[in-house]
């Protein structure tokens, strides 16, 4: 209101600007940082995809970590591009696009969190589908294989619901018709490891699916990763809340700065129009 009153009261100097350099360049460098990060993400994702065999890469396209990295990187690149150029060039259209995209992403994240909490059973089922799909393509993608092995080691688990879920994989399938040497086995990441063991026995999971829970539990983790993940989530709510806040805070800062800069640019345009009209008609 004070700025509009100043415009209405009389002409201001040509060197005066409502646009704050602080807001402008803070938003610019804020987006520039994430712009660079997004380009690195895309480069790493594309490089990872190019290293893979074409047939294997197409077989596990839906669960490929490299595809996820490229997708997130491209989306981040486009959004931060609008923020970078829009703030530097004081372009209202680009700034509005940046602000709207961040707002939509923030609301989608919020909705996903609420729906995941309210419909926990459905969310659990979706996670189970993702894990089962990853198990099926375990041998098709080295990145996916390393990711699964890391998760099973960290959470001390095996499979989705139980270690016998590995029968869904064609190499570990426990049917008599399976000619694979790994028939009825589980990955070595399921095994109970001795801290003093210098060399990891990668064959420690051989034939474990053919054994009962009690017998197999002496050699491998028999509990599935879904229950372990749920228990870990319940035990680390404060950590997850902090991570969520850390992800949401930059988005909120970007939205606020973009809206502030848009309003300042609009006030500056009104001031320029007023000064032009005053010069053309000094008696107005």
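Note that the numbers count up from 1, one per residue, in the order the chain is shown.
Each Cβ is built from the backbone N, Cα and C atoms, and glycine gets one as well.
Listed in sequence order, the residues of the same chain lying 6 or more apart from residue 190 (disulfide bond) and placing their CB within less than 8 Å of its CB are 152, 157, 158, 159, 163, 166, 205, 208, 220, 221. Sequence annotations record features per position, and here TrEMBL assigns disulfide bond to 157-190 (among others).
Here TrEMBL flags 158-174 (among others) as disulfide bond. The 10 Å shell around the Cβ of residue 158 (disulfide bond) contains 27 further Cβ atoms across the protein chains shown.
Taken from TrEMBL, the feature transmembrane segment applies to 25-47 (among others).
The feature transmembrane segment is assigned by TrEMBL to 67-88 (among others). Tertiary neighbourhood of the transmembrane segment (67-88): same-chain residues 24-25, 27-28, 30-32, 34-35, 37-42, 44-46, 48-49, 61, 94-95, 97-98, 101-102, 105, 254, 258, 261, selected by CB-CB distance under 8 Å and a gap of 6+ residues from either end.
According to TrEMBL, the feature transmembrane segment maps to 100-119 (among others).
Outside the transmembrane segment (237-262), and at least 6 residues removed from its termini, the chain residues within Cβ reach (under 8 Å) are 19-20, 23-24, 26-27, 30-31, 34, 83, 86-87, 90, 92, 95-96, 98-99, 102-103, 105-106, 109, 113. Annotation comment: TrEMBL describes 237-262 (among others) as transmembrane segment.
Looking only at the disulfide-bonded residues 157, 174, the densest Cβ neighbourhood within 10 Å occurs at 157.
Using a Cβ-Cβ cut-off under 8 Å and counting only residues 6 or more beyond its ends in the same chain, the transmembrane segment (100-119) has close neighbours at 79, 82, 244, 247-248, 251-252, 254-255, 258.
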